[in-house]
Amino acid sequence: MKKSTFKEENVLLNILKFSIPSTLSSIISIICTLTDRFFIGNLVGRDGISAMSVVFPYTMIVNSVIFLFSGLSILIGIKLGEKRKYEAEEILSKGFLYLIIIGIVLSTILWLFNETFLWKLGATRENIILAKEYTKYFILMICFQFILSQSTVIRAIGYPFNAMVINIFVTILNGILDYIFLAKLFLGVAGASLATFISVFLGSIYVLVFFFRNDVVKLKINKMKFEILTLVSIFKIGIPRFINQFFQFSLSVVMLKQMGKYSGDLGIASIGIISLLRDLINTSFQGFSQGTPAIIAYYYGAKNFKKIQEVMKIHVRIVLSISLFCLIITLINAEYIISFFVKNDVELIKYASHGTRVHLCLLFSTALFLSYNNFFQAIKDSKKATFFYMLRVPILNIPLIFILSYFFQDNGVLVAFPVSDFITSLIAMYIGKKEIEKLISNSRD
């Protein structure tokens with residue numbers, strides 16, 4: 001990374017430089033998931049989509065650990081801002097050691113108790129076999145997925161283009177293998193899982209090679225040592241996002257069970273599609289949310305708080321504009337978009353289209369919420385970030401699901417999300433603005 005990257009370039013240019021590759025990477029990553037769903041929905045049908053919905057909490061478990069280590073890129077960014085390259089390399093090397101160990105442990109647990117977990121997550125007699133087929137390769141992929149996820153560090157140290165290339169490679173390869181394994185070899189959901197496994201494995205090798213060869217922050221085996229303070233520092237920053245993902249996991253299970261209660265496999269399959277569309281819209285602006293914290297962390301380490309304020313103003317305007325545009329397109333064309341996944345299931349298309357309009361109607365508030373919560377993480381204010389994650393899911397969303405579903409059945413389950421996100425985003429924005437003003441005021445004293 002050139003030393004002038006943050007100092008001499010204007011804020012908007014920095015945001016675009018770091019966030020556009022990140023956004024493209026995020027969109028490309030979700031295309032990987034879209035490819036799986038397309039082939040499964042059209043070649044396997046409703047049972048396949050339903051099975052993928054049951055397996056989705058597994059993905060959330062993996063993401064929760066990845067988010068727990070999100071502090072790795074932020075800590076490294078802060079150390080580089082403080083001109084402490086040696087410490088940044090120590091953090092990187094120790095972080096990778098812990099990632100690999102946790103990946104092995106998690107894979108072992110899921111492998112041993114796979115079927116038990118799937119039943120607990122809401123599997124039915126119609127989809128349990130397909131769910132087991134998919135998780136067979138998914139579980140083996142976990143450790144490599146953890147390594148691949150550290151492309152965020154590659155972005156944070158000044159190589160956003162390289163991080164984007166990794167995601168492009170993985171996605172294109174996954175799409176090609178999906179076509180071969182599902183459309184030509186007819187391997188079903190197991191083929192989709194195997195395609196993802198191979199793609200992620202090769203992508204993780206790319207990440208490792210990059211860190212061993214780059215000149216900014218190298219991954220060094222002799223620095224891979226157990227040191228509890230480094231782990232605590234990483235977790236302290238990442239714990240809010242970890243907790244949020246755990247809450248999202250709990251929310252996913254509650255939604256699956258409640259939708260299954262009121263609508264059976266039709267409701268479960270619909271939630272799988274609606275969740276995918278929600279992730280797709282979120283991905284359109286999450287790249288900016290992923291790219292911006294590295295800039296904020298650098299300015300925070302350099303104690304340039306006015307720049308942080310400028311970054312946040314521009315960032316919020318960008319993500320709100322993007323999310324509103326994508327949301328309007330999705331709501332208007334819901335039937336057409338959903339038919340892409342399940343062309344011949346008229347009942348599912350109609351049901352999921354209605355659910356999409358109810359569940360996603362205020363999704364722009366998610367963009368606002370994530371912008372300010374990522375700000376709190378970037379300045380190492382984990383308490384506030386954790387509070388807002390708690391407010392969003394266990395305090396508001398989950399209770400609202402039970403309360404509203406009592407009166408409105410499946411519609412109540414769907415509407416709980418937009419209500420809780422809208423309330424949380426307004427509170428997070430207010431407190432976030434106050435915190436930025438406080439940082440600037442204290443720096444003048």
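Note: Cβ is positioned from N, Cα and C throughout, glycine not excepted.
Values in this document were obtained by computation on a predicted structure and should not be read as measured data.
So that you can see what the record holds, here are the features copied from TrEMBL:
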type	residues	note
TRANSMEM	12-35	transmembrane segment
TRANSMEM	55-76	transmembrane segment
TRANSMEM	96-114	transmembrane segment
TRANSMEM	134-154	transmembrane segment
TRANSMEM	161-182	transmembrane segment
TRANSMEM	188-212	transmembrane segment
TRANSMEM	314-337	transmembrane segment
TRANSMEM	357-375	transmembrane segment
TRANSMEM	387-408	transmembrane segment
TRANSMEM	414-432	transmembrane segment
Surrounding residues of the transmembrane segment (357-375) on its own chain - C-beta under 8 Å, 6+ positions past either end: 240, 274, 277-278, 281-282, 285-286, 289-290, 292-293, 296, 308, 312, 315-316, 319-320, 322-324, 327, 330-331, 334, 385, 388-389, 392, 411, 414-415, 417-419, 421-422, 424-426, 428-429, 431-432, 435-436
Same-chain residues at least 6 beyond the ends of the transmembrane segment (55-76) whose Cβ lies under 8 Å from its Cβ atoms: 88, 91-92, 95, 98-99, 102-103, 106, 110, 117-118, 121, 131, 134-135, 138-139, 142, 145-146, 149-150, 152-153, 155-157, 217, 233-239, 241-242, 244-246, 248-249, 252-253, 256, 272, 275, 293-294, 297, 377-378, 380
Dominant neighbour of the transmembrane segment (134-154) in 96-114, 161-182, 188-212, 387-408, 414-432, by Cβ pairs under 8 Å: 188-212
Criterion met for the transmembrane segment (387-408) and the transmembrane segment (188-212) (at least three Cβ pairs under 8 Å): no
